[in-house]
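The block underneath contains the structure these notes are about, expressed in structure tokens.
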Amino acid sequence: KGKCPEDGWDESTIELFLHELAIMDSNNFLGNCGVGEREGRVVSGLVARRHYRLIHGIGRSGDISAVQPKAAGSSLLNKLTNSVVLDVIKLAGVRTVTSCFVVPMATGMSLTLCFLTLRHKRPKAKYIIWPRIDQKSCFKSMITAGFEPVVIENVLEGDELRTDLEAVEAKIKALGAENILCVHSTTSCFAPRVPDRLEELAVICANYDIPHIVNNAYGVQSSKCMHLIQQGARVGRIDAFVQSLDKNFMVPVGGAIIAGFNESFIQEISKMYPGRASASPSLDVLITLLSLGTSGYKKLLKERKEMFSYLSSELKKLADNHNERLLDTPRNPISLAMSLKNLDKTNDAAVTQLGSMLFTRQVSGARVVPCGSVQTVNNYTFKGFMSHANDYPCAYLNAASAVGIKKQDVDVFLKRLDKCLKTFRKEAKQEKSINEISDSNAATEQLED
């Protein structure tokens, strides 16, 4: 049926299935006589076993989705993977998606592939409208494709940074719709930025007949992000949405899914990919989804939501104990942010020092964001880089509840963060005491004089 099984398969069943696929590839035929330049020859037995002897990759020289006659097993693997992944995207919330394919590139390059496909449809276009998100790969994806990003600064609503719809529409009118390749929006992001106003952006794109590409990097794991995409496609225009394999399905880095609501456009994107491609990302995600089944993946999504609530409540308690606060970002379903105002007052380096302290204490993934840092990316200068705004009111720390996180991860993180913050408070008190003694000595000397 080409769907993800409800109950996961055991490892021996999956291995038997993969071996059955592999013996359909010509490089594994007993009497095979290869006289071409690409015959699936592998000198290392370890490498052959690592890939289950599926050596030919996927696609043909002109189309990543095409069937290879001498690699029937690898071609079947590719078709099945795309079909199973489509089923899971529907299960995760985008019910009306019609087509998708796994591409052996991470999210940034997969976005570039989408932009390059649109180039042929809109030859005059040179601009991409991009509501700002301070993450380098999505910005560089536009530069690499040869387009000029038009950065739309976010608006501050409470603690949240949200899409400036008026600025988007004003920029479309100023540049001319025919000169704009697409609107490049984002769902999953670091707090205090929240997902873009996808429904409103989709309506604007439909009204001005401008394509709309969504960076849904780690949004498959969030029912809220997937709902935004579903609603955007229902009320307006979304041409494609791109998501990472590693972040959403816990496989090695190196693959993404390009999905959309118009099958012919998604096929155009797949045909834009030059040459054959590695089958490794497809193989990894197929093995993972067959082992989990829909019930296993649903369980992971449920646990992630529960851990988000737990992380949120516990981080709020810790923030209160240190006279900080958990920033109010209810529209961000994955990432949280805690202010570091008191730390920022101590000295300029204290905020970044906290990041180093956490990393050396084996806390990975926490982002510490100081105020006012400036960074240049491909000749574009961003003020307040990492905070998604020129002047966010305070320094802060990010933590995320992503799929696969455990209660132990949250508890250990909070314990180590608490210890680091106490160290800073102790140092601040000692410094204050030293300053008071110095001031007292200076006053005494003055009186004696």
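Including glycine, each Cβ sits where the backbone N, Cα and C put it.
Straight from TrEMBL, the features:
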BINDING   Arg38  pyridoxal 5'-phosphate binding site
BINDING   Arg60, Ser61, Gln68, Arg276  substrate binding site
BINDING   Arg234, Arg361, Lys426  tRNA binding site
MOD_RES   Lys247  N6-(pyridoxal phosphate)lysine
REGION    429-449  region 'Disordered'
COMPBIAS  435-449  compositional bias 'Polar residues'
Other same-chain residues whose Cβ falls within 8 Å of the Cβ centroid of Arg60, Ser61, Gln68, Arg276, the recorded substrate site, in sequence order: Gly57, Ile58, Gly59, Gly62, Asp63, Ala66, Gly275
Nearest of the recorded positions (Arg38, Arg60, Gln68, Lys247) to Arg361 (tRNA binding site), judged by Cα-Cα distance: Lys247
Recorded positions compared (Arg60, Arg234, Lys247, Arg276, Lys426) - the one with the fewest other Cβ atoms within 10 Å: Lys426
Distance from Arg38 (pyridoxal 5'-phosphate binding site) back to Ser61 (substrate binding site), taken between C-alpha atoms, in Å: 12
Fewest other C-beta atoms within 10 angstroms, as judged across Ser61, Gln68, which are the binding-site residues: Ser61
Inter-residue C-alpha distance, Gln68 (substrate binding site) and Arg234 (tRNA binding site) (nearest angstrom): 36
Cα-nearest neighbour of Arg276 (substrate binding site) within the listed recorded positions, Arg38, Arg234, Lys247, Lys426: Arg38
